[in-house]
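Feature list (source: TrEMBL):
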- 116-185: domain 'Reverse transcriptase zinc-binding' (DOMAIN)
- 416-451: region 'Disordered' (REGION)
- 434-451: compositional bias 'Basic and acidic residues' (COMPBIAS)
Amino acid sequence: MKGLRGKDGEVVGDTEGMLGVEEKFYTALFGEKEVVEERVEEVVGFIERVVEEGVGLDAPVEMTEWFSRASGARLNRDKCDLKLYGQWTETEHLGMPLTGMEQMCQVRGLALGRTEDVWKAVAHPDLMHRHRDLAWLVTHEVLPVQSVLHARSLARTAVCPRIGCGREETVRHFLWDCWAAQALWKRWRGFLQKYMEEGATLDCQLILYGGGKVRGTRAWRALWLAINCLKWTLWAARTALKLEGKVLSTEATKRMVLAALRDYMLRDCRKKGKERAIQMWGHAAWALVVGEGGPGLLGQGTVHGGAAAFSYDVELKLRKGNEAYEKTKKGISLTRDMKMDILDKIAQAVFELKAYPDQDQIESVASALVSKHPCLREPGSETGYDGWKISIKYKLGNYRSKLRQAGCIEVSINRKRRNDGDDGASPSLKRAKRGEINHVPDHPDNHTDDSLEEERLALVEEFKKRNKNVALIKQQMELTFSLRRKEIVDLEPMVSEVRERWPALFCEAEIREEFHRITNKNLIDDFRAAINQHTPGLHRLYRARRTAFPPAMDQLLNRLDEETSDITAHRQTAALKGLPLYLRDSHEKLFRNCLDTDPEEEQTKGLIVGILTVLEDDDSSAPARIMNIAVILEEDIVLQDLPDLPTAFAFLFGLIYSLNLQYPKELRYTFETIQKVFMELGTDLSARVRSLKNKLLQ
C-alpha cells in the first residue's frame, strides 16, 4: 500500500501522512526494529498508564484517540474523510478499507478470510469505545495482562493473579482458560445461546474474535455486544483484584454485565424505537435487563429500589391497566396467575439483595410496586398496599422454603429443629444482622463439603511451615470461605476450636481479607478514616460534660493534656477509650492494662472481648512504656504485638465479624457505634447511639 486514493483515483496521502503517530505506535508494538528503539518509551509509558488507571482504559485522552483510530473510527488526514470500517464502496474509488487505512495484520491461527471478519468485528460501529478498545487490544494480544507486562519488564511475574489459578496469564488464559472466566461464561451461557444456532457452543474463537455460528446479522450483533459486556466485566474484576486486592462477588459482576447490556438496549430504544429494540434483543433478554419502563430491582442497589421485571404478558396488562387508571382511577382485576407471577418475581429480586428483609424494607417494596403500577393500588387500604405487604412477606417465606429444599446454605441453616433438651422455644434466625453482604454463601462450583475439607487440611499444613506461601494461603482461604462461614454461623464453635481448624484466620492479613469478604469494606482504611473524622467531635463532647462522666473520663483527658509528642495518635486513642464511658458501657470490660511481669493468666482473666495493653514494670516516675498491645477473645490472646490501640480495636472488630460473635451486653452501645457510625454498616440505630451521631454531625 502506498497511499489513499480519492474519488479521482489519485493518491491524496501517503501512509506516514495518513497515520502519523498511530503508525509509529503500531510499528513499535508489532514490527520494524528501527522504529522500536524510537518509540519504546512511549509504549512503556502507555502500558504504565493503563495499569495505573486500572479499569480506565479510556482514561488517557491522547491514547483514547489513538485507540479509536487504530480500531476503525473516523480519521481526518490531508482533508480526506474516511468512513468507518466496512463502509467504503467501489464507486468511491477508495478500494477495500484494509488497503485504505493500513496493512491488515494477520491474526494468529486464522485464515486470511477469517482475519478480515475479525477486524470487522473489532471495529463494529455499535461497540462502545471502551469495548472497542478492549477488543482491539485482545486481537493484537497486547492487553496488559501479566504475561504482556512481564515481557516488557513491567511485572515481576507472568502468573495469573486469580485465586487458585497459578498459570501464566496470557490474553487467551484471561478470557477463556482461567477458572474465573469459565465460571462467568458458564453463568451466562444460556443468555448468549439465544443468539446462536441450535447445537452451537461457546468457544474460544467466538469469545476472543467474534467468530462462530449465529442466527443472522441481527443475532450476531446482539451476541457480539453481549460478549464484549462480559469481557469488559472480566477485565474490571481482574483489575480490581490486581490493583486493589478486591474480589468482586458474583452478584457484583452480574450487575456490571446488566448495566452494560442496559446501556446498549436503551441506546437501541432511543435510536430505533422500543418495539424494534425488543425485536433485536428478544423479549426475554429485554425483560431481564430493562423491564417495562426501567431496570427495576435488578438494577438497584437496595431493597427499596422499586418493582421487579415481570413476564411480558403481565407487563402488557399492567401497562394497559396504568393507562386506564389515569383516566378512571380504577384498578384492574388481578387473576391468580397474574398475582403469582408478580409475587414470584418480587421474591426473587428481593432475595438476591437480602434473604431476610425487615418489615420496613418489605413495606418499601410494596410501596414502590403500587407507585410504579398505580392500577395495583388497593381501594380499601389506607396506604394502598397493605395487602401487598402481607402477600410479599408470605411469598418470601415460601420462596425461602423452596431454596432450603434445593440446598441453599444461607436459608438451610435456619431450618426449624429441636435439639435434645430443648425447652420448646423457637431457635433464633441465623441471618445477617450487622450489614453482612456475604453471610453464608453457597459453595463454589464443583465443590462440596468434602472437597473443601481437603483444601482446609492443606491450608493448615501450609500454615505450619516456617516459610509460608502467603499467596497460596490467601487463595485457599478465599476458596474455603463458604465452608468456614457455614461452620461458624451454623455450629457456633468456641474461639479455640476455630483457631485449631482455621489458624490462618487469626493473622492480620486474613482478618482484613475475611472482613472484606463478609462486608465488602476495607477494615483498616475505613476504620482509620472514621477515627480521623470523628476524633475532634468526640473530644468536644467529652470535654463539654466531663464532670457528668465517671472519674475515669477526667483521668483520661488529664493524661491526654500531659502528652507532648505524637499528639494525633494519643487523641485517637483517647477518643476510643472514652467512647464506652460516654455511652455508659462497662469501660473496664473492654480495655485493660497490666505489667509485663504479671502472669498471663492474670492478665486475661475475665476478659471475654477486649484489648490488653502491657506496660513495662518500671519504678521510675516517668510514664510507663507500652511493651505490647493484644486482642483478647474468651480469655485468650489471639493477636498481639500491634502498633497502637486504634489498630487493635479495628482487628478486634474484624474478628467479631469473622467469628460471628455477639456484642457483649455490657458493651453493646460501643460496638453499635463502631458498626453503624464509624463503619456505616446498618442504619437502625438505638436512641443512645442516634443521639451521639446527631451530636457528632452538628
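We number each residue from 1, going along the chain as drawn.
For all residues, glycine too, the Cβ spot is worked out from N, Cα and C.
Counted with DSSP, the compositional bias 'Basic and acidic residues' (434-451) comes out as 3 helix, 0 strand, 15 coil.
Looking just at the domain 'Reverse transcriptase zinc-binding' (116-185), the mean pLDDT is 86.
For the domain 'Reverse transcriptase zinc-binding' (116-185), the DSSP counts in helix, strand and coil order read 38 helix, 2 strand, 30 coil.
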